[in-house]
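Engineer: According to TrEMBL:
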type	residues	note
DOMAIN	135-233	domain 'Ig-like'
DOMAIN	240-317	domain 'Ig-like'
Amino acid sequence: VCVCVSAVVLCREFSISLPERVEGLRGLCVLVPCSFEIEEQYDEYLQGNPAGIWLKDGTNHNYDKVFNSGEPTENTIKGKITGDLLMKNCTTIFYNINEKDSGVYYFRLEAAGPLRNTYTSSSVSVRVGASSIRPSITLYKEDQEKLEDQKQVLEGTSVRLMCSARSPCPFNPPTFTWNFLPEGGRQEQNHSSSFSSSQLNFKATYLHHGRDFTCTVTYQLQNFNKSEQSSFTLHVLYGPRNTSVSASPSASVLLGSSVSLSCSSDGNPAVLNYTWYRENGEQIGTGNHLTINTTDSPHSALYYCRAQNQHGDHNSS
């Protein structure tokens, strides 16, 4: 009997709270948030050993049943009620779902005595897609600004590599593994209701130029693990380094002969500007090759070259 005083309702009715739609990825799991209410007269029957049942694409509990927490061996879809039915929480995880599991789901409660009810007033649409679960990697500055040029970064810049992946199971988020952790860098992980991420924070140096950063995401399913990975090649812009001079045939030659000097340096972009100097700072040539005739005066001297690109310069030692 439902007794109402003024506008205050002193009784409860069978009702349920479900999202209109949840989406999952093939091979993973999907979480269905769920809570219910029962009429007060049935409270005592809930304290027994209640079972949560899910019906698919219909409300006939004899023909449309695909999941029963009380008889799991007969289920056509594997899952687990993670909520506490005694607390009227019917939140459920369905495991290893695929496209055939897509449909409209209704919840049914069965407990002791006469407490049996199918909640037909509300349902949840479960949609399973075959979308890739491969993670994506994005390059940011440490101040959270996304770099417009995802191909390269200037040496000395504090950067953040963000690896993101779908996370349809918030109670069981994926784990992330990087193939390389830069010296002095740090790794952080974050999880939300639909996405998880792992980020590497470090200062870019010439040592990172051309390095492949591979992020592997692993989903822990009911009976096995499922992994996918993506890679990101970092290109670091830096000034000339390791500038050196070589002589041919050698640095010591006979009077009247000539010697060819070559200058090499490592930089990104590649060094195109080379300038030659005598030890006293006098500029004597340009280009990465210099020929010296020993009849020139003075023919016995020290020479060095300076390599330059748009990010700096460096002298040979």
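For all residues, glycine too, the Cβ spot is worked out from N, Cα and C.
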Engineer: Mean pLDDT for the domain 'Ig-like' (135-233), as a whole number?
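Structural biologist: Here the predicted model's pLDDT, averaged over the domain 'Ig-like' (135-233), is 86.
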Engineer: By DSSP, what is the split of the domain 'Ig-like' (240-317) into helix, strand and coil residues?
Structural biologist: 0 helix, 46 strand, 32 coil
